[in-house]
Amino acid sequence: MISSIIRAAVFAALIQFIYSVDIKGFCHNESHDCPCGSTGTTVNVKVDGCSYVRRFEFRCRPCDRDSYDKVCPNYAHCQTCASGLRGCETCPPGKYGVWCTLDCRCQNGGVCDKDTGNCRCLPGFSGTLCEIRDGCPPPAHPQGVLATMAPPNLPKIIHYSCPTGFKRIGAGTINCQNDGSWNGVPPYCERQVPCPPLPDVARSVAQVHGAATSVREIQYNGTTVTYSCADGYEVVGAKSLECTHEGAWTASPPSCLKVSETEVTCSTKANEILSDDSDTAVRVHCPPGCGLVPGSVIGSYQYHVLSSICRAAVHAGRVNNAGGAVHLRAAGAYADFVSSMAHGVSSANFSSLGASFRFVTVDDSQWRIPDEGCPPKWTDSGSFCFYSAGKSRPQAPARNFCRNLGSQAIALRGDNATKALVAEFLVANGIGETWLSELQVQSPFLLNPATSGTPGDSCMTLSVANPSQPEIVTRPCGLALPVTCFALKTLKLVQCEDPGPVKGGSALVEKTAHGRFLEGSRISYYCKELHYLSGEGRLTCTANGTWSAQKPRCIPVITCGEPEVPSHGTIRVLPPIRGGDPRRGPVRGHARASVPIRLQRPLSLSSTAYDGNDTKAAEEANLVLPPGHHRVGSRAEYACLPQYEMAGSTVRRCLSSGQWSGLPATCIPVCGRSDSPRSPLIYNGNASDVGQWPWQAALSVRNPASNDSAAEWVLNCGGSLLSETWVVTAAHCVTYEASRVVIPRDILRVALGKHFRSDSKDDANVQVRQVAEIHVNFDYDPSTYDNDIALLQLDEAVELTPRVRPVCLPTDRSARVHLQEGKLGVATGWGLTESGDYADVLSEAVLPVVANEKCQEAYERAGVPLTVSEAMFCAGHANATSDACSGDSGGPMVFLDDAVTTERRWILEGVVSWGSPSGCAVANQYGGFTRVFAFLPWIKQFV
């Protein structure tokens with residue numbers, strides 16, 4: 001077996017040179033603990049000591065002439081520190097730079113690169129400072145709304161429209177804001193229902209509030225028409241009509257009634273008021289006491305113009321108005337006044353149904369149709385209100401008679417719509433419809449005189465003097481005919497208060513009128529992701545102006561995010577357990593099958609409920625969590641792939657805080673395990689089994705002088721695999737001889753899983769990697785081989801297999817136990833054998849540890865003075881039965897860990913470093929090894 005040969009004379013001369021010439025070698029490095037940030041931890045800072053001569057004496061001082069008072073404050077801004085680094089290891093949030101003194105300008109959660117300050121943006125953001133939001137998550141769109149999103153997946157802007165026959169209520173466009181929210185809410189689409197066209201109202205102005213601008217256009221639900229009359233006229237009937245979502249107007253159009261400008265006394269006659277236009281209805285104010293004024297009241301038709309209009313009205317109505325005035329709406333002479341009985345007005349002194357006048361008190365001078373339904377004494381047929389006069393009237397007074405009631409006289413011309421109106425009236429009065437089939441609809445007839453009729457024409461009308469036997473009556477149009485008025489049934493617009501939005505959800509609104517919630521309007525509530533609906537999800541505006549239920553709430557569901565799948569591991573997420581299950585036993589080890597988390601389905605809350613009362617559990621049971629979320633009480637079971645073992649929590653639980661319990665699991669390579677059944681503790685150097693030492697690395701150097709492709713790479717050193725990407729070896733294996741200059745990494749390669757020296761014998765289990773980085777310990781001394789250790793980073797991670805596994809790093813306990821005199825360890829390599837040839841296969845030698853003092857004394861007796869430093873240890877047999885020799889350099893010396901009883905674990909305590917200048921296996925001249933534990937902090941900076 002082999003070693004790197006050191007000649008005694010050269011060694012002594014070099015030692016003398018160091019102490020006489022090298023100014024650094026004269027002084028030791030000094031160390032000091034500096035506070036690291038505000039964490040309460042410290043970092044050990046080393047300052048190189050340099051020598052200088054003063055008054056013919058060697059003295060020491062820091063090489064960089066910095067005192068610790070100047071160095072330590074640099075670490076004040078660090079988040080974490082590491083020994084050996086001139087600068088912070090990591091910076092606090094918002095800082096970057098070597099000493100974390102520069103401010104990070106990244107926005108929207110971006111993180112600065114510690115060294116350059118370049119921003120690493122979160123998903124959904126871009127730009128130099130992560131200031132550009134790529135878009136916002138799309139909001140929930142109400143049903144039926146057409147949304148155009150740009151770009152489609154993470155839009156910045158959304159345009160909304162509605163299908164034909166619907167109207168958009170709300171914004172047409174919303175934009176994504178920098179805080180991730182939208183600057184508005186999505187609109188909803190309201191169905192457009194047309195209402196029947198409205199007739200022109202004489203002497204009025206109709207103002208339309210809606211999509212149309214004129215009453216002659218088609219009006220849709222939500223449109224409001226407001227009427228106002230010309231100067232000198234007042235509105236009789238409903239001033240405002242609205243088209244409902246049922247396609248009907250809330251009332252019949254009103255009429256405009258002229259207000260008399262003549263000052264009326266108790267003696268004023270009708271012809272004094274109506275002489276200008278006997279066909280115009282006029283409102284008259286009668287002063288108090290007209291019933292007490294003596295005088296005659298002429299009741300016949302032809303003399304009505306000679307009567308006092310106020311005394312006639314009071315007389316006909318049998319009203320004693322001594323206590324106050326009355327208002328009359330006259331349609332000509334007194335006989336044309338509307339009957340008080342048409343409005344349910346009666347007098348204590350009069351009970352006859354033949355009243356000829358309509359009157360109201362001064363306090364209620366503006367007669368209004370009721371807020372809902374039909375006026376008193378009118379017939380409610382379902383859609384219309386009908387009133388049959390007690391006496392007949394000619395055409396013009398009949399028309400004015402109905403107009404004074406805010407209605408219109410029925411005119412039938414044989415069309416289907418009017419026939420249906422008559423039929424509805426007759427049904428409301430209990431009259432059958434069979435008689436309609438006997439009418440000659442080809443010859444128009446009139447239920448009331450048509451507007452086209454003129455005196456002298458022959459008019460046909462329907463007489464209902466005997467309701468059970470209606471008959472058609474033909475009379476001259478100028479003579480009195482039976483009068484029947486009709487009006488639309490008044491619809492009372494019941495309105496509910498806007499319940500407002502629900503936090504954490506959205507609403508779909510149906511059957512509204514310009515945003516108002518009328519009777520029958522509906523609101524359906526929906527909750528966004530990670531919220532469940534508590535309460536009724538659908539509300540209806542009822543007839544009493546209240547909602548059918550309280551507004552629901554969207555209660556957030558506390559979940560835990562998708563637990564990160566550890567590299568080289570799997571996760572199995574199980575739903576919560578509600579209550580105990582006596583049949584369920586504890587999960588021990590990895591008894592459960594490990595399934596990659598990507599194969600798991602999203603968990604439904606219906607599977608269980610973690611805590612809370614039964615009502616809450618039932619409400620949550622209807623919610624299916626989106627992918628990437630798990631409910632409180634869920635358990636994440638971790639498992640590692642073969643060749644790896646778990647570090648951290650093997651089972652984590654989703655807590656009510658929305659966090660997973662325990663520490664994140666990590667799958668780390670199984671170290672120091674050998675599957676070989678053979679016991680390695682033999683005393684003679686011997687060939688090992690294939691795969692017996694899976695951490696053994698072979699370092700080969702390219703031979704540029706060779707013309708033989710097979711001899712292009714020469715195996716010259718060994719190493720040990722520490723992780724998938726790091727190998728430890730001796731520093732002198734990767735530097736030029738007697739120098740700290742590192743060889744080029746492109747002439748070096750590393751093979752793992754190798755058994756034979758010859759590359760031609762490698763099988764498919766051998767993995768070859770190039771070297772990405774070479775790190776030689778900064779204290780390596782090529783003249784004494786002190787601190788002879790180096791780390792190699794592979795350009796690509798190796799795949800761990802039974803043939804390729806890392807070795808375990810030592811601990812303080814293992815180093816103290818294993819590196820005692822007489823303890824046995826195993827050194828492996830492809831070095832020289834007893835025959836003087838390089839080993840064809842990986843060989844092993846069991847070597848006992850030799851105390852440093854004994855080792856150093858043995859070399860002194862052989863005339864080879866050297867120093868075994870604290871960073872070294874010796875091993876070998878006094879009788880030289882086996883040794884580490886040339887070609888083994890950089891290879892491992894491992895010890896079986898006595899603390900592990902369940903399985904064998906091998907600990908890397910040494911790296912083959914140097915041997916006797918006299919050759920290999922020389923009696924009482926032991927091999928030297930680098931003590932790995934002494935460099936553990938340095939190794940952990942990389943691995």
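Cβ atoms are placed via backbone N, Cα and C, with glycine included.
TrEMBL annotations:
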type	residues	note
SIGNAL	1-20	signal peptide
DISULFID	Cys121-Cys130	disulfide bond
DOMAIN	134-191	domain 'Sushi'
DISULFID	Cys162-Cys189	disulfide bond
DOMAIN	193-258	domain 'Sushi'
DISULFID	Cys229-Cys256	disulfide bond
DOMAIN	494-556	domain 'Sushi'
DISULFID	Cys527-Cys554	disulfide bond
REGION	571-590	region 'Disordered'
DOMAIN	616-669	domain 'Sushi'
DISULFID	Cys640-Cys667	disulfide bond
Residue distribution over DSSP helix, strand and coil in the domain 'Sushi' (193-258): 0 helix, 29 strand, 37 coil
Cβ contacts of Cys256 (disulfide bond) (under 8 Å, same chain, 6 or more positions away): Val201, Ala202, Arg203, Ser204, Cys229, Ala230, Tyr233, Glu234, Val235, Val236
Pairwise Cα distance for Cys189 (disulfide bond)/Cys527 (disulfide bond) [Å, integer]: 20
Cα proximity to Cys130 (disulfide bond), best match among disulfide-bonded residues Cys162, Cys527, Cys640, Cys667: Cys527
Spatially closest candidate among Cys162, Cys527, Cys554, Cys667, the listed disulfide-bonded residues, to Cys121 (disulfide bond) (Cα to Cα): Cys667
Top Cα neighbour of Cys554 (disulfide bond) in the set of disulfide-bonded residues Cys162, Cys640, Cys667: Cys162
Helix, strand and coil counts within the domain 'Sushi' (616-669) (DSSP): 5 helix, 23 strand, 26 coil
Residue with minimal Cβ packing [other Cβ atoms within 10 Å] among the disulfide-bonded residues Cys162, Cys640: Cys162
PLDDT averaged over every residue in the domain 'Sushi' (193-258): 84
Integer Cα-Cα distance in angstrom, Cys162 (disulfide bond) to Cys527 (disulfide bond): 23
Rounded Cα-Cα span from Cys527 (disulfide bond) to Cys667 (disulfide bond), Å: 39
DSSP three-state assignment (helix, strand or coil) for Cys121 (disulfide bond): coil
Neighbouring C-beta atoms (10 Å sphere around the C-beta of Cys229 (disulfide bond)): 21
